[in-house]
Each structure stands twice: as structure tokens, then as C-alpha cells.
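A.B. asks: Below are the C-alpha cells for one structure; questions will follow.
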Amino acid sequence: MGCGMSETAVRQTRNSRPGLWEIIRRPSLRAVAIMSASSTIAGVVGFGANILMSRQLDPDQRGQVAFVLQLAYLLGPLLMLGVERAALRRDAAETAGAQTRHLVPMALLLGASLLLLVGDARALAAAVAVATAWLVIQRSEALRSHAFRRYTSCFLGYQAVVGVGLLGLFLTGETRWYMWLIPYLVPVVPVLLWELSRILTKPSQTFAAVTRTSMGLLPATLATMLMLRAERVMLPLLASNDQLGLYVAVATATEPVYWIARALADHRAGRTGTDRSVATLVRRLVKDSVLFTVIAAAVGVVVWLLIVPVFGQPYAPARDLVLPLVLAAIALALNRLALAWHLGGPRPSDVSRIEGLTAGVAITTYAVGISLGGALGAAWGTFIVYLIGLLISLVLAVFRQRTENANAPKENQ
């Protein structure tokens with residue numbers, strides 16, 4: 001009997017260990033895998049779009065399309081009004097059915113303003129931004145609720161329409177630049193029809209998702225865009241276009257590290273437990289640092305080995321950028337994960353404070369780094385900026401914890 005009980009215990013112990021399928025189905029791993037795959041697909045479609053447009057359009061026309069798409073990217077936060085970040089929080093479930101309704105009136109407002117300013121097809125940037133903004137909010141909702149089917153279906157449909165549409169324009173020899181916006185506008189139609197029908201059904205909920213929390217997070221989104229892209233704008237101005245080319249070749253190759261970190265951070269933002277201690281945050285970041293060091297190092301080795309065979313000998317100097325940009329990728333990953341801790345907490349507006357301070361540091365750091373060292377200075381500058389952002393997050397977390405501990409006895413009296 002004793003032997004039988006021992007075998008049963010051993011069997012139960014074995015059954016309690018997670019198998020490969022259980023590990024694969026863990027919420028965090030599944031979320032990271034789905035969102036990283038989505039980013040990869042978007043990157044492939046974007047890369048293909050760049051090739052097709054560059055082969056079919058002259059530089060001036062290609063620049064017109066690029067301007068509209070870049071403007072749409074910049075308009076995205078003004079359409080979403082911080083809802084995409086607020087939707088990651090647990091309390092966003094209260095407005096889950098109304099998180100995208102405000103996109104239509106905001107797009108009409110921005111589109112009309114653009115039309116008055118530019119008076120041509122470039123005003124379509126507001127319409128192009130609607131579909132991407134809608135998908136971004138759906139992504140946040142999927143990560144919060146851990147229900148990915150709707151998001152993945154819509155995302156794949158969007159990428160398929162864009163990819164097939166651009167290929168069709170290329171095969172037909174279309175050379176009018178504004179026609180190349182059509183594939184980006186087609187997915188907007190069902191979004192507009194769907195959201196308009198919902199607005200007409202419940203007009204009072206049009207701006208229900210735009211709250212004090214979401215508006216408080218809008219500056220964070222704008223600051224993030226500045227922090228992640230400012231050095232690419234400053235490089236040709238303070239150095240040269242060839243320095244930008246070297247920098248982008250390596251920086252783009254290390255972006256998958258950021259995709260993984262962003263997916264994991266957004267997933268965690270809606271699942272912050274009751275333990276809000278800084279010690280818990282630091283322990284988690286230490287574990288995360290090991291994971292992302294391994295991932296970034298592997299990416300860095302591959303980039304260093306392939307950059308000359310793939311891009312040619314003129315890109316050999318870009319190998320000097322691999323180390324600082326790998327370190328920057330690790331620092332950015334930890335930065336995002338630390339921000340998720342603040343976003344999921346009782347003071348989400350702290351994210352805007354952190355991002356705003358970091359963006360301010362970024363402008364000065366990038367300017368000095370690029371002036372002194374060109375692309376290499378920009379690479380080391382990004383590492384410094386992301387590291388400072390991480391430190392600001394930790395310092396503010398410590399400050400908040402001390403303040404809460406100091407106020408706790410007073411509240412209990």
C-alpha cells in the first residue's frame with residue numbers, strides 16, 4: 001500500500017508539472033507570440049510596399065506617398081486621444097464597447113482642418129489614420145481581455161488588402177502617386193460604416209472612452225514618438241544622409257526586440273497584481289533583463305554577420321553600430337516593461353511624466369551625440385536616453401511607494 005501511495009504521489013507530481021503545450025498556452029507567451037508575429041507581418045508588408053513604390057514612382061512621387069503615410073502616423077495619437085493606452089488597464093472593461101466610437105468624429109475634424117491647410121489629396125492622411133488607429137485600439141483591447149481572434153482577423157484582413165492592392169497597382173503600371181493611397185483607404189470604409197452605425201444607435205457613448213485617464217496618457221504617446229524617432233530626423237540635419245542610412249540599416253534590424261518587449265509590457269499592464277512594491281518590480285526587471293539580453297545578443301550577432309553580405313561593402317561601417325544599438329534595445333525593452341508597471345497602477349498619468357522627461361533628455365542627448373559622432377553618436381545616444389528613462393521610472397516608483405507608506409498611518413487614524 002505504501003508503495004502504491006508513493007507511485008500515486010509521483011504520478012501526481014509529474015502531472016502537476018507544465019508540459020510543452022501548457023507552457024505554450026501561457027497567457028503572456030501567447031500574447032507575445034501573437035503580437036510579435038503581427039509586427040513581423042506588418043514589417044514584411046511595409047518592406048514590400050517600399051520596394052513596389054520605389055520601383056514604380058519617381059522620388060518626388062514616392063515622397064508624396066511617404067509624406068501622407070507619415071502624417072497619418074503622426075495623426076494617430078490625436079485620433080485615439082490616449083484610449084489605446086487606457087484600454088490596457090483593468091478598469092477599461094467598463095467602456096469596452098465604446099473605445100473606438102470617437103475615431104470617426106475626430107477624423108472628420110482633423111480631415112477638415114487638413115483640407116483647409118493643404119487643399120489637396122494630402123488631407124486624406126486623416127482617413128488613412130482611421131484604420132490604423134482602430135487596429136491599435138483593438139490590439140489593446142485584445143491584450144487586456146486576452147481575446148485575440150477579432151484583432152488578428154481584422155489585422156490580417158487589413159494587411160492583405162494593402163498588400164494585394166499595392167501589388168495590383170504595381171502590375172498595372174500606375175504612376176499617379178495619389179492612386180497608391182487607395183489600398184490604405186479601402187479598409188477605412190468598413191470601419192467607418194461600422195462605427196457610424198454604432199454612433200447612430202447610441203450617440204451618447206461616442207466619447208465615452210475618452211476619459212481623464214486617457215487624456216492624461218496622450219502626452220506619453222506623443223513623447224514616445226519623439227523619443228523613438230527624433231534621432232532619425234536629426235541625423236541628416238546634423239550629420240549626413242549616408243549616416244542615416246547606416247543607422248537605419250542596423251536600428252531596423254534590432255526592432256524585433258522592441259516588438260517582443262512592447263507586447264509583453266502591454267499584456268502586463270492589465271494584469272498588475274495587488275503587490276505594487278518596488279522590490280517586486282525590480283526582481284521582475286532583473287529576470288526580464290536576462291531574457292532580453294539573450295534575445296538582443298542573438299539578434300546583434302546575426303546583424304553583425306549578415307550586414308555586409310546582405311547590404312554590401314558600403315555598409316561595413318554599420319558594424320560599429322551593432323553593440324550600442326543592441327544595448328539600446330535591451331534598455332528600451334526594460335523601459336517599456338517598467339512603464340507598464342506605472343500604467344497599470346493607480347496613477348497612470350505618471351507615464352506621461354516619465355515619457356515627457358525622457359523625451360526632453362532625448363532631444364539634447366541626440367543633438368550632442370550626432371554632432372560629435374554621427375550615426376555612432378546617435379546609437380550611443382539612444383542607449384543613454386532609454387537607460388535614463390528606465391532610471392526615471394524606478395526613481396518615481398520609489399517616490400510613490402514612500403509617499404504611500406508615509407500616508408498610510410494617517411489614513412488609518
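Start at 1 and count along the chain as shown; that gives each residue its number.
A Cβ is built for glycine as well, from the same backbone N, Cα and C atoms used for every other residue.
Relevant sequence annotations retrieved from TrEMBL are reproduced here:
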type	residues	note
TRANSMEM	31-53	transmembrane segment
TRANSMEM	65-83	transmembrane segment
TRANSMEM	103-136	transmembrane segment
TRANSMEM	148-171	transmembrane segment
TRANSMEM	177-194	transmembrane segment
TRANSMEM	206-228	transmembrane segment
TRANSMEM	244-261	transmembrane segment
TRANSMEM	290-311	transmembrane segment
TRANSMEM	323-344	transmembrane segment
TRANSMEM	356-377	transmembrane segment
TRANSMEM	383-399	transmembrane segment
A.B. asks: Given a Cβ distance threshold of under 8 angstroms, which distant residues of the chain, six or more beyond its ends, lie next to the transmembrane segment (323-344)?
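C.D. replies: Same-chain residues near the transmembrane segment (323-344) but 6 or more away: 85, 88-90, 217, 250-251, 254, 257-258, 260-262, 264-266, 268-272, 281, 284-285, 288-289, 292-293, 296-297, 299-300, 350-351, 354-355, 358, 376, 379-380, 382-383, 386-387, 389-390, 393-394, 396-397.
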A.B. asks: Thinking of Cβ pairs under 8 Å, which stretch from 31-53, 103-136, 206-228 has the most of them with the transmembrane segment (356-377)?
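C.D. replies: It is 206-228, which has the most Cβ pairs under 8 Å.
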A.B. asks: In terms of Cβ proximity under 8 Å, which residues at least six beyond the ends of the transmembrane segment (103-136) contact it?
C.D. replies: 64, 67-69, 71-73, 75-76, 78-81, 84, 151, 154-155, 158, 178, 181, 184-185, 187-188, 191-192, 195-196, 199, 206-207
A.B. asks: Counting only residues 6 or more past its boundaries, what in the same chain has a CB within less than 8 Å of a CB in the transmembrane segment (177-194)?
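C.D. replies: Apart from its flanks, the transmembrane segment (177-194) reaches 53, 57, 61-62, 64-65, 68-69, 72, 103-104, 121, 124, 127-128, 130-131, 134, 157-158, 161-166, 169.
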A.B. asks: Out of 65-83, 206-228, 244-261, 383-399, which stretch touches the transmembrane segment (290-311) the most, going by CB pairs under 8 Å?
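C.D. replies: The stretch with the most contacts is 244-261.
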A.B. asks: Flag the pair the transmembrane segment (206-228) / the transmembrane segment (31-53) as in contact if three or more Cβ pairs fall under 8 Å (sequence separation 6 or more).
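C.D. replies: Since fewer than 3 Cβ pairs under 8 Å link them, the transmembrane segment (206-228) and the transmembrane segment (31-53) do not come into contact.
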A.B. asks: Sequence-remote contacts (6 or more beyond its ends) of the transmembrane segment (244-261), Cβ cut-off under 8 Å?
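C.D. replies: Distant Cβ neighbours of the transmembrane segment (244-261) are 32, 35-36, 39-40, 43, 231-232, 235-236, 292, 295-296, 299-300, 302-303, 307, 311, 315, 317-318, 321-322, 325-326, 328-330, 332-334, 336-337, 375, 378-379, 382.
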A.B. asks: Sequence-remote contacts (6 or more beyond its ends) of the transmembrane segment (31-53), Cβ cut-off under 8 Å?
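C.D. replies: Same-chain residues near the transmembrane segment (31-53) but 6 or more away: 62, 65, 139, 143, 146, 148, 152, 155-156, 159, 162-163, 166-167, 169-170, 180, 255-256, 259-260, 262-264, 266-267.
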